[in-house]
């Protein structure tokens, strides 16, 4: 029977609710005058510096949040995750993405078995295969070396690896390793995405990686069959074994598809898709592009944060502090969204990955025991690199809705540029905005200041900034593979902390199932109408009307022959 105990029933939660009234009487422009408060609201680990002094919080707020963490048994829940306890209770699974980057000699158990040797077995296999591939020893059906890789997956099999790939592309060491190679990702079942993923590629020099744990994911397998046809139509059916490999545990279906099971790389049911970047899902395609040593540095960066998260006191624990502040903003101050604003173009795919990681993990309406939550949980995550975002949606953040912001900056640019005679370098210009925006949000601009600047009276309401808008700043020393791994793990653990505090299961995703089930019904109806001429039946009037309108137009691809992209 489900327990009715909820975190909101605790004295610590109620104490924070009462404390909101005190915070609402404050303004950040005054709180920021307290130098000791500002100093206290920082944390540092391996050169990563967190400043959360621009949060609508005081030392008392933080003490109350630490007590809430204690009431939620946060330390115990973190330990259970690292121990391999089945904290994903709805699927009866361990949650062990930390094992994917653990040192070879570490012991992490699932069902009483140390999984680390098996993880390293797969990594060793990836290392060997990627070295063979990159050396030119692995050749395609015509004897040519393969230099292009298309990774086919969706959701966590796509967004996480894409984020890391985008971040590594301009890192000098990684870029040097990737010279003469291309890595592309195919996720959307939209044929336009297929066309884009293979545009200007030659099947002769292309390897396709199919990422599907069960080898049954509808979108991924249709895309895989499409690329298989692209290869076969050019090189013949025997080419599949040389031009396609898999990340899957279903070796029977892998072999049936035409891929040699020896070229299938495993991952496990204790790895959720959105937490799978450090498994073969990400490590294999990234190693083919950049070489395993680069990817191992990425894994080591993530492992360093795992250690920090597990062992540091909450007062100086970066993922814990971030998670606590998110709960404070969402559940107590009533801010439902968060803007992720990396001042680094290399991190352009970071916000989309965190959007999935956060919203799929914590977009839940019931507790882990199945009790309806009577409070707000989960966040709406979005973002764009600075300074692009400043010319896009910052207007709303400054003068519209209050949206807490994560500003992420990098001390050393991957690609430094300076033009002689300019006031600052290109990177300093970028970072000038990184340092200025949090203060603009916190302090705002008062009518009195505008009067002193002799702004016309009729413009004063339009140029007034209320300020008091919370943000935090995360400053990374550089953006090598190691720091990219650290950044990923910080956000993975932050999101877990939020779920642990809210008392929800951050590691299942039942919300995606209903739509998939309904899509299956529509798929059958489309087939019956296209092939057998049957009318649309079994849907409500609105859906029937939409389907009828869609089917009234002759399809651009006849159903009696194969059609591949023309781009």
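Keep in mind that glycine also has a Cβ here, set from the backbone N, Cα and C atoms.
Among the candidates 25, 39, 64, 516, the one that Swiss-Prot lists alongside 156, 157, 212, 213, 214, 215, 216, 217, 356, 360, 391 as binding D-glucose 6-phosphate is 516. Distance between Cα atoms for residue 156 (D-glucose 6-phosphate binding site) and residue 516 (active site): 16 Å, as a whole number. Residue 216 (D-glucose 6-phosphate binding site) sits 13 Å from residue 516 (active site), counting Cα to Cα. When Cα-Cα distances from residue 360 (active site, proton donor) are compared across the recorded positions 212, 391, 516, the shortest belongs to 516. Sorted by the number of other CB atoms within 10 A, the binding-site residues 214, 356 start with 214, the lowest. Residue 156 (D-glucose 6-phosphate binding site) falls within a helical segment according to DSSP.
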